[in-house]
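A short write-up of the structure that comes next.
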Ligand code: IPD
């Protein structure tokens, strides 16, 4: 296992890398704002799952910097996987990267975009950096070293008690799978989550969708959102943020509709995160209330050797 000094070294490197990648995203946004073209969207396999030239350029930059600095480390990235490159998930240090989480926001010049850089060692997420360059917010954490906003503000910022799902603000997303068998279940879930108690709803305060799984999870780390649930995103969307949420006192478990309090499988495509609370029982109570209403949704994937047990 790595020492805290090693983790700190990886964390500092990831922070500096995220800042440089963030500058690329800022430059591309400036270019985008002064252009009337939308041709920088490069792939429309699924019209609700966008990829841009900037996603590809930022991932290439991050991958090259990582492999020249840590040649023995492994790499899993959204765009590399999209090109059909299969990486085996092993105990070796593995960087898991989303160059732009919130690509749909990026395409619309909406500021909720983030570069997400996570590191696993022994298959456990241990370092995470999520940088939102258009808002200049940098979330970072390493196992045992705490979670921070902009490197100085300790997370969570909000520490009020967590009482009941009816008092919660819940982050979730439409996601890119709009097939009726998936989408209808998500809409039904939202109806039950927000609906009045006399209509068998949980009457939660409201929902929020930032358009970025990583940013949603950082709002959990901050404490300004109470619960995040999503089915259908990927390990690169959450690998970094899992560390940030945990170091900020939150929990991240499976977002499947079965009660399971074991640490989340980041390759599982189903995520439930609860913010820091007065005690773990209060977090478990909210998770139980969510499991009562979370639908069974299939989120298949091509297996990653060593990374996903069906
Ligand atoms: C997407 C975002 C979005 C989530 C999707 C992800 P991308 O990542 O995290 O919030 O709903 O499932 O794929 O495509 O912008 O990297």
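The backbone N, Cα and C atoms fix where each Cβ goes, and this holds for glycine too.
In TrEMBL this protein carries:
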BINDING   78, 98, 100, 101, 237  Mg(2+) binding site
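Known features from TrEMBL, placed on the structure.
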residue : record              : DSSP class
78      : Mg(2+) binding site : helix
98      : Mg(2+) binding site : strand
237     : Mg(2+) binding site : helix
Check your understanding: So which of the binding-site residues is most packed in, judged by how many other Cβ atoms lie within 10 Å of its Cβ, out of 78, 101?
Key -> 101
Check your understanding: Looking at the binding-site residues 98, 237, which one has the fewest other Cβ atoms within 10 Å of its own Cβ?
Key -> 237
Review point. Using a Cβ-Cβ cut-off under 8 angstroms and a sequence gap of six or more, which residues of the chain neighbour residue 100 (Mg(2+) binding site)?
Key: 25, 52, 54, 55, 58, 106, 113, 114, 115
Check your understanding: Which are the residues of the chain, 78, 98, 100, 101, 237 excluded, whose CB is within 8 A of where the CB atoms of the Mg(2+) site average out, their centroid?
Key -> 55, 97, 99, 102, 103, 114, 115, 116, 212, 213, 214, 234, 236
